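**Q** Straight out of Swiss-Prot:
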| type | residues | note |
| --- | --- | --- |
| COMPBIAS | 1-11 | compositional bias 'Basic and acidic residues' |
| REGION | 1-89 | region 'Disordered' |
| COMPBIAS | 13-48 | compositional bias 'Low complexity' |
| COMPBIAS | 65-89 | compositional bias 'Polar residues' |
| REGION | 127-212 | region 'Disordered' |
| COMPBIAS | 135-169 | compositional bias 'Polar residues' |
| COMPBIAS | 170-193 | compositional bias 'Low complexity' |
| DOMAIN | 375-466 | domain 'RRM 1' |
| DOMAIN | 483-565 | domain 'RRM 2' |
Amino acid sequence: MQDDLLMDKSKAQQRQQPQQPPSSQTQQQQKEAASVAEPPSSRESSPPTHKDKMQMESPLLPGLSFQQEPPTTPSLSPSFGSTWSTGGSNSAVDDSFFPGITPVNGTMLFQNFPHHHHVNPVFGGTFSPQMGLAHQTQQQQRRSPASPNNHTAYTQRNAYSHQPILTNKPSSSPNSSSPSPSNWNNQQNAAWNTPSNPWGAMQPGRDPRRAVGVGVGVGVGVPSPLNPISPLKKTFSSNVIAPPKFSRASPLTPKSWVEDNAFRTDNGNTLLPLQDRNRPYDSFNLHTLENSLMDMIRTDHEPLKARMGLNFHHPGTDNIMALNTRSYGRRRGRSSLFPFEDGFLGDGHGDQSLSSGLSSPTHCQNGERIERYSRKVFVGGLPPDIDEDEITASFRRFGPLVVDWPHKAESKSYFPPKGYAFLLFQEESSVQALIDACLEEDGKLYLCVSSPTIKDKPVQIRPWNLSDSDFVMDGSQPLDPRKTIFVGGVPRPLRAVELAMIMDRLYGGVCYAGIDTDPELKYPKGAGRVAFSNQQSYIAAISARFVQLQHNDIDKRVEVKPYVLDDQMCDECQGTRCGGKFAPFFCANVTCLQYYCEYCWASIHSRAGREFHKPLVKEGGDRPRHVPFHWS
């Protein structure tokens, strides 16, 4: 009888066993393997498995499944259960999975997870992959019991390469057991330790901005500028906002904000993350704002360079006109984010008594040194009891120099008569060093100088920028020497651009202005030239004879004369009467305005009404002067 009962019971068990799903066998094998790998302490703290537990699978991690107690109260569909936490206070899952990351309602954002056909339909393919870590009170199962084979589960796990952040930190909650790390970590550690893995070199002490792309897009050091998993990520709206920055468990090593390789464009750039410009704007990805600000800093300077038109000249370009015209760029306050020629920054507006390149080094072009300043520097406001030797001692640290002032040889005095002097440096680089040592106030440069009775008296330093010697206002007009005037007595601080603006305001039609400089030191000589584009403006200027120059502190009455050339032929005989020689005389009267040789001058000006005209001749320094004509 007992044998019959045992046989009937075994047959009944055999009939029930095929009805069990294959997932139960897989689950039983998984439990046995996990129990073997777990330490005794973990097995003791694990609660017994209840037969009514409900199997659940992560909507985003098909290879990651777990069990959950069946809900006792009405709730949302299981598709939402993986996104929001159940309200439990279990911190073991968070601490053991991603230490140091502050979860938002129990969830975290993952932008590097691939889309999968098992993704929950709530999210869909157009949403950024997210993983909601629900707080569980039961042991988590790392493999899906419904997986067709074991190889697929391990393949899917290997795709999620985030193991540097995953740790095997034991659970601190008595209500949860440590997720058996044996199968998971053993599969991942081998992949993370390979040299070909680009993420394996991440160190715990690095800047969190350079961390793996968790919530902040693609991380730094990715071999491709695009996301290798989801290159064309679409705009999405989500109820989960992950913090773009997070604190790490390990201490951060102090690092400079701007590094030497900050502006590298290769994969070695560790400061500026690669940014996908083809991706639509992501309102929840705050990291794009940080990248945009950094891109603004390292953007090229083409918009500023575009301000240089025909009216400007750069030392590396061809001359705009026959004259060696140069830009009139500002000379002070050169910025480190824009390291190019200061001529690009000139705009002819506002106070430009100082230019923007004073502290910049000497430029070199094609191996040749390009000078920016005159070697002659004006120094004003000197102490009255300072002599030549003391002035030399005060400025010798910038380089060899000679101290000079007007009529020094005739006066035989060791003291500057009017409190100013000129410093003649041997090298132009000494002038730049002097400028760098000065203090700027109200657009002027000052340096403290001491005398026997006065200690640290500020004196004004006024260098001359070579780019201020010429200014082209209208580059489309050709320069006509016969429409050019000479301006005598120009104050030395006045620049070419300021002279052009004054003359254009008075007479109009100015196309060029220049300041005469000596050929050796290239310092202003106190005269200038202005070329007009039409005859009316030219005649109006020479007819006035005197002009009041007013600009800032400058207010001086200067003389205006026609600009006389010494290589012009006679306008009457074209050299036939004078043997082909150049005409020595120019008549500045508005009825003539011509060059004459001696024979033609006598012939033309013997007529009634012209006998009182005085010829102009060119003398040294481009200065025309009236000479009496000796009638024969």
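Going from the start of the chain as shown, residues are counted 1 onward.
Quick reminder: no glycine exception, Cβ is built from N, Cα and C everywhere.
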**Q** Summarise the domain 'RRM 1' (375-466) as counts of helix, strand and coil residues per DSSP.
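**A** Breakdown, helix to coil: 26 helix, 31 strand, 35 coil.
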**Q** Kindly state the mean pLDDT of the domain 'RRM 1' (375-466) in the predicted structure.
**A** 92
**Q** What counts of helix, strand and coil residues does DSSP assign across the domain 'RRM 2' (483-565)?
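**A** Its residues divide into 22 helix, 37 strand, 24 coil.
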